[in-house]
Amino acid sequence: MTTHRVLVVEDDHGLRDVLARGLRDEDFEVVTAADGVGALRRVDARVDAVVLDIGLPDSDGRDVCQAMRAAGVTAPVVFLTARDQLTDRLSGFSSGGDDYLAKPFHLAELAARIRAALRRAGRDPSIDTGGLRLDPVRHELTAGDAAVSLTPTEFRLLASLMAAPGTAVRRRALLRAGWPEGAQVSENTLDQYLTRLRRKLREAGASHGISTVRGIGYRFAESTEPSESTESAASTGTAASTGTAANTDSTA
């Protein structure tokens, strides 16, 4: 899988570190800048996407975006801002931005929006694998012409896996993708979600599925039908916390 390089421009040191750490867990390569001058210095042809805060200490992020475009930077730009009025969004788009995300936001949504912007820019392969199509913008999963019903948490987990087909995705990255920062979620709960998601993909007739990579996490790849005993063992091993997962799922 190609690793995409993302420039994160955010003046808040704590938030900048959280964004950088979270995007690295989502398998992006991350470089950072704290202001507009630093952003213009660090952006180059190796940067595939830019996450740009509008409220920078030395300049307006929209002006920074315009300067990038004037310098020939074609990487998609996702604006971050506390302002979410229509006029703010329109001015962001008119300055050369590709997407607009209001604070506070879920890190998994930011990662999904970056991937969607990369695909629109022709910098990322479409998530069409194993007879499945995942649309992170519309939050839809289809198998052929049929829609597959997923909870929001299941969708976020599958998006992380399908974005890296054939690659083992770490448990920590999946926990970050599926649940908000700071949520207390056990690995048993994660296993339950993946067992249920695996079953839904199999019932949809997908040629690809989710396999366990021991000691690492999970992989989305060409499916090998699990034996009945393996499936039973997985169900038995997580039965104790089924009620918790169901309750979490209804509100996810």
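Cβ atoms are placed via backbone N, Cα and C, with glycine included.
These come from TrEMBL:
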DOMAIN    5-118  domain 'Response regulatory'
MOD_RES   Asp53  4-aspartylphosphate
DOMAIN    124-222  domain 'OmpR/PhoB-type'
DNA_BIND  124-222  DNA-binding region
REGION    222-252  region 'Disordered'
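Broken down with DSSP, the DNA-binding region (124-222) shows 36 helix, 27 strand, 36 coil. Per-residue pLDDT, averaged over the DNA-binding region (124-222), rounds to 84.
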